[in-house]
Ligand SMILES: NC(=O)c1ccc[n+]([C@@H]2O[C@H](COP(=O)([O-])OP(=O)(O)OC[C@H]3O[C@@H](n4cnc5c(N)ncnc54)[C@H](O)[C@@H]3O)[C@@H](O)[C@H]2O)c1
């Protein structure tokens, strides 16, 4: 008698631009792999589009016409408006919502999911911790739902992934038993996965690079050139490394050379929505909120809120001056500094001030 294969059921929690692009991959992989149930549920935050429910449109046309128009989702991806209905039978929960909604979703799911389930978070951002400082989103998911949570971050602009243009991604997963399942449901010929065990650093890279992208947008808006943008990217990377070193010691420098690190930083500083809105902010003088509403058609901006969350941590520890780029982005977004002050804020960066002798190259 043939051995019965245990099939993992997958639920995607979220259906924005990235959620829909990843649903295309996950749906196809679930249908082709023997250890996954064909049907993939996708929780959709219900909204009306020209008088019709978005879930109905997705289930009838297999297209998320609002967040990923022009791309078909596999028919085995089923849109469900109730998050508990979508998640209750799942073995793998893929979280892909803007980070500000995670706590509410987790409290709705508490006690209603399989206790043996595992999570994979694609969410880039932090939350403010109750006692001060910041919380990683994967830690919130694990604490609230009492399940393990790996992370996926990388140079993955959703529209390009949906177009099936070759790219890489990083999965941070400490659990060696879970890692192959996470990789198998995600990897395709055009979306290549590297798994590392440095979960926290992977996630922190994904959140912090959005702050740097806002800085890159400022220099574009101010009319500086590629050299200036490269300096912003490099100084931003140094602040990312320092942040991890100070607040999450024990992480590995090699993680910054994975797709989640330097590659994501570069793509976001050239192609992402944070850069685009920050450039418009400088050029038009209008508020970030107004521009987000007008330019992004319901998509959410992560950089300015992440800058605020990080500043909460830095100000608490009296460390704002050690992270001048993160601090300047925060203050400019809040209107406490002008965009034209940005370069002056990073001109005397600690990176430029600490070298009486040449740096050792190792
Ligand atoms: N888009 C990308 O290129 C990309 C790439 C990698 C990672 N990410 C990350 O993925 C995460 C999700 O981003 P996205 O691009 O899929 O979303 P998005 O910004 O395109 O869309 C916003 C989503 O939030 C939902 N929403 C609105 N109000 C809500 C509410 N009150 N409660 C719950 N949901 C609500 C909307 O229905 C929509 O699905 C973010 O953390 C983002 O940083 C995005």
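Here the Cβ of each residue, glycine as well, is placed from N, Cα and C on the backbone.
Annotation comment: TrEMBL describes 10-177 as domain 'Glycerol-3-phosphate dehydrogenase NAD-dependent N-terminal'.
Secondary structure at residue 18 (NAD(+) binding site), as computed by DSSP, is helix. Annotation source TrEMBL lists NAD(+) binding site at 14, 15, 16, 17, 18, 19, 101, 158, 273, 300, 302.
Marked as substrate binding site by TrEMBL: 124, 273, 274. Residue 273 (NAD(+) binding site) counts 22 other C-beta atoms within 10 Å of its own C-beta, drawing on all protein chains shown. The secondary structure of residue 273 (NAD(+) binding site), as reduced to three states from DSSP, is helical.
The domain 'Glycerol-3-phosphate dehydrogenase NAD-dependent C-terminal' annotation in TrEMBL covers 198-343.
Annotated active site, proton acceptor per TrEMBL: 209, in sequence order. Summarising the environment of residue 209 (active site, proton acceptor), the number of other Cβ atoms within 10 Å of its Cβ, over all protein chains shown, is 32.
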Among 209, 273, 274, 302, please name the recorded positions whose Cβ is nearer than 6 Å to ligand 1.
302
Tell me, by DSSP, whether residue 101 (NAD(+) binding site) is helix, strand or coil?
helix
Inside 10 Å of the Cβ of residue 16 (NAD(+) binding site), count up the other Cβ atoms and send me the figure.
20
Averaging the per-residue pLDDT over the domain 'Glycerol-3-phosphate dehydrogenase NAD-dependent C-terminal' (198-343), what integer do you get?
96
Considering Cα atoms only, can you say which of 14, 18, 101, 302 is the nearest neighbour of residue 124 (substrate binding site) among these binding-site residues?
302
